[in-house]
Amino acid sequence: MSTTFQTPSRLPTVSAWDQFCEWITSTHNRLYVGWFGLLMIPSLFVSAITFMLAWVAAPSVDMEGIREPIISSLLGGSNVITAAVIPTSAAIGLHLYPLWEATSMDEWLYNGGPYQLIILHFLIAIWTYLGRQWELSYRLGMRPWIAMAFSAPVAAATAVLLVYPMGQGSFSEGLPLGISGTFHFMMAVQAEHNILMHPFHMLGVVGVFGGAFLSAMHGSLVTSSLVQETSSLKSVNTGYKFGQQEATYNLLAGHAGYLGRLFIPDIAFRNSRSIHFLLAVLPTIGIWFAALGIGTMAFNLNGFNFNHSLLDSSGRPIRTEADLLNRATMGLQVMHSVNAHHFSLTLASTESKEIPTIPIMTS
């Protein structure tokens, strides 16, 4: 009797690094992490935590660099509307200002150091989120248009938080992080660059408002042309199941049958892909142009200025909308002057800073 011994086959060993790579790139996770997510997640947490702390409890910040600090936190007396994270002081300019560059924590807070910390980590987070969108689309075999559409708001945020301050020479010119601060930034940009008369801003308005109009129109047509699957005694919503393959609405009935009769029949949409393509492209291109407009005005390529009124044959001015806009812009310029505290009036700090004086010798 002979006995045969079979050598067991050795299982392939999987290293910890391979397991980590498999988990990072797996599309079966509840939330896809991805390689971009390794940078996005910590950057987003740092930005969000710092923003919440600064929004609630930050001390006053010398935004203009003239030792007249502005208080903007909730604990400093502001409310939800007026609270904001004040930009880094003009005394810092465009210098990178991490915590270890200041002599103390108080100095770092007084010069608006949290603002740089927030926006730089936030920009890293949103750009890596865009990359994460592309990465997941690639893993699933999808086309990259989702990431392309998201590039528009990413470009807009980059324009107001980084490109514009760099062009103007100081982070103090950036967008304050708050509701009142956003309106302050809008008025300041209008005062300095006449953005309402810039063609790129006009294209941005057309894209955003046009996209909103098309979205409202398409959504109302869809909900008005649902295919009836139930009797008139039951709600139309009970005839559908989430994720079903059959169409739930009649595109031709809504766009060609209804909208075509209201407008011009030949321009009514008869293809679902064309209407959804336009819904994505119009606001995306519009926001791209708006971001490009901020980028050009950052380097003082401003909107059109009509500094002289039209005159009639008698030499009297003919008042137009351009004159009204010029007067409003001049008023905003006065409001945005260094010593005028309109961001906002309730935000002026009561703290007094002692400024050393230099004696002047007279003969």
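From the backbone N, Cα and C atoms, a Cβ is placed for every residue, glycine too.
Summarising the annotation, Swiss-Prot assigns transmembrane segment to 32-49 (among others) and lists sequence analysis as the type of evidence.
Beyond its flanks by at least six residues, the transmembrane segment (121-136) meets 27, 32, 34-37, 39-40, 43-44, 46-47, 50-51, 144, 146-147, 150-151, 153-154, 157-158, 161-162 of its own chain at Cβ-Cβ distances under 8 Å. Summarising the annotation, Swiss-Prot assigns transmembrane segment to 121-136 (among others).
Residues annotated as pheophytin a binding site in Swiss-Prot, with sequence analysis given as evidence: TYR129. TYR129 (pheophytin a binding site) falls within a helix when secondary structure is assigned with DSSP.
For the transmembrane segment (145-159), same-chain residues at least 6 beyond its ends with a Cβ under 8 Å from one of its own Cβ atoms are 122-123, 126-127, 129-131, 133-134, 137, 280, 283-288, 290-292, 294-295, 298. The transmembrane segment annotation in Swiss-Prot covers 145-159 (among others).
In the three-state DSSP scheme, TYR164 (site 'Tyrosine radical intermediate') is classed as helix. Taking Cβ-Cβ distances under 8 Å and a sequence separation of 6 or more, the neighbours of TYR164 (site 'Tyrosine radical intermediate') in its chain are GLU173, GLY174, LEU175, VAL189, ILE294, GLY295, MET297, ALA298. Sequence annotations record features per position, and here Swiss-Prot assigns site 'Tyrosine radical intermediate' to TYR164.
Within 10 Å of the C-beta of GLU173 ([CaMn4O5] cluster binding site) there are 21 other C-beta atoms, taking all protein chains into account. Annotated [CaMn4O5] cluster binding site per Swiss-Prot: GLU173, GLU192, HIS336, ALA348, in sequence order.
Non-local neighbourhood of HIS193 (site 'Stabilizes free radical intermediate'): MET297, ASN300, ASN302, GLY303, each in the same chain, at least six residues away, with C-beta under 8 Å from its C-beta. Among the features that Swiss-Prot reports, site 'Stabilizes free radical intermediate' is placed at HIS193.
According to Swiss-Prot, the transmembrane segment annotation covers 200-221 (among others).
HIS201 (chlorophyll a PD1 binding site) is surrounded by 22 other CB atoms, counting those within 10 A of its CB over all protein chains shown. According to Swiss-Prot, the feature chlorophyll a PD1 binding site maps to HIS201, an assignment based on sequence analysis.
What Swiss-Prot lists as Fe cation binding site is HIS218, HIS276. Long-range Cβ contacts of HIS276 (Fe cation binding site) within its own chain (separation 6+, distance under 8 Å) are none.
Outside the transmembrane segment (278-292), and at least 6 residues removed from its termini, the chain residues within Cβ reach (under 8 Å) are 145, 148-149, 151-153, 155-156, 158-159, 200-201, 203-208, 210-212, 214-215, 218. Taken from Swiss-Prot, the feature transmembrane segment applies to 278-292 (among others), supported by sequence analysis.
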Who sits close to HIS218 (Fe cation binding site): which same-chain residues at least 6 apart have their Cβ under 8 Å from its Cβ?
ILE275, LEU279
Among the binding-site residues TYR129, GLU192, which residue has the largest number of other Cβ atoms within 10 Å of its own Cβ?
TYR129
